[in-house]
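These come from TrEMBL:
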- K9, A10, L11, L12, R13, R134, L135, G136, Y137, G138, G139, G140, F141, Y142: ATP binding site (BINDING)
- E59: substrate binding site (BINDING)
Amino acid sequence: MGHALDDEKALLRRELFQRRKEAAANAPEAGRYVAERIARDIPLPIEAPISGFWPMGSEIDIRPLLEKLNREGHPVGLPVVARKSAPLTFRRWQTGDNLVSGGFGTSIPDPNQPEIEPRVLFVPLLAFDRQGYRLGYGGGFYDRTLERLRRIGPRLAVGVAFAAQEVAEVPRDRYDQKLDVIVTEQEVISIDMKKVGRT
């Protein structure tokens, strides 16, 4: 069963890498539309710590969103891979900061920047479904991270993607953590919006 699921995920990843690449080429302004939808439709807690991601390859570019959140007073962090089997940590980033090379091709804040514990997480992905499940890159980093943070207290996990990355059903197992909201350049898909509040 485990091997069959792994094979199914690997096959879907190959297909979705190509689909996402085409979506990125066809929708260069998608990141701006996503930022506008989040501002309009998701009432983020005031000045809550937030994690984002620096786009790699064809990932949707949420840098306009991160810069806007900084202007609004949110501490913003970017993910850092500590080691392969560990949850992610998040280091503070502010507009204009230089980034350094991190593991797995990532760009991360300087090691001297303080860590933050995000209350809201903007999460990259390869595929999503309307039940809130996501397909990542296979490392399990966000599943481990969300599991750890949710044990401490409520979190809002927001998947950010191109609409073309939607699939009917993401292959999943009991370790896969659900997203609460998914935002694309076309819509906001609410799975569990009750976690969102202004306070």
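Using N, Cα and C of the backbone, Cβ positions are placed for all residues, glycine too.
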Statement: Within 10 A of the CB of F141 (ATP binding site), the number of other CB atoms across every chain shown is 19
Task: Could you measure the widest C-alpha to C-alpha distance across K9, A10, L11, L12, R13, R134, L135, G136, Y137, G138, G139, G140, F141, Y142, the residues recorded as binding ATP, and give it to a whole number of angstrom?
output: 20
- prompt: Given the binding-site residues L11, L135, which one is most crowded in terms of C-beta atoms within 10 angstroms?
  reply: L135
Message: Check the DSSP secondary structure of Y137 (ATP binding site), expressed as helix, strand or coil.
response: coil
- prompt: For R13 (ATP binding site), which residues in the same chain are close in space, meaning a Cβ under 8 Å from its Cβ, but six or more apart along the sequence?
  reply: L126, A127, L135, Y137, G138
Field: Residue pair K9 (ATP binding site), E59 (substrate binding site) - Cα distance, angstrom, rounded
entry: 18
Query: At the Cα level, what's the spacing in Å between G139 (ATP binding site) and E59 (substrate binding site), rounded?
result: 17
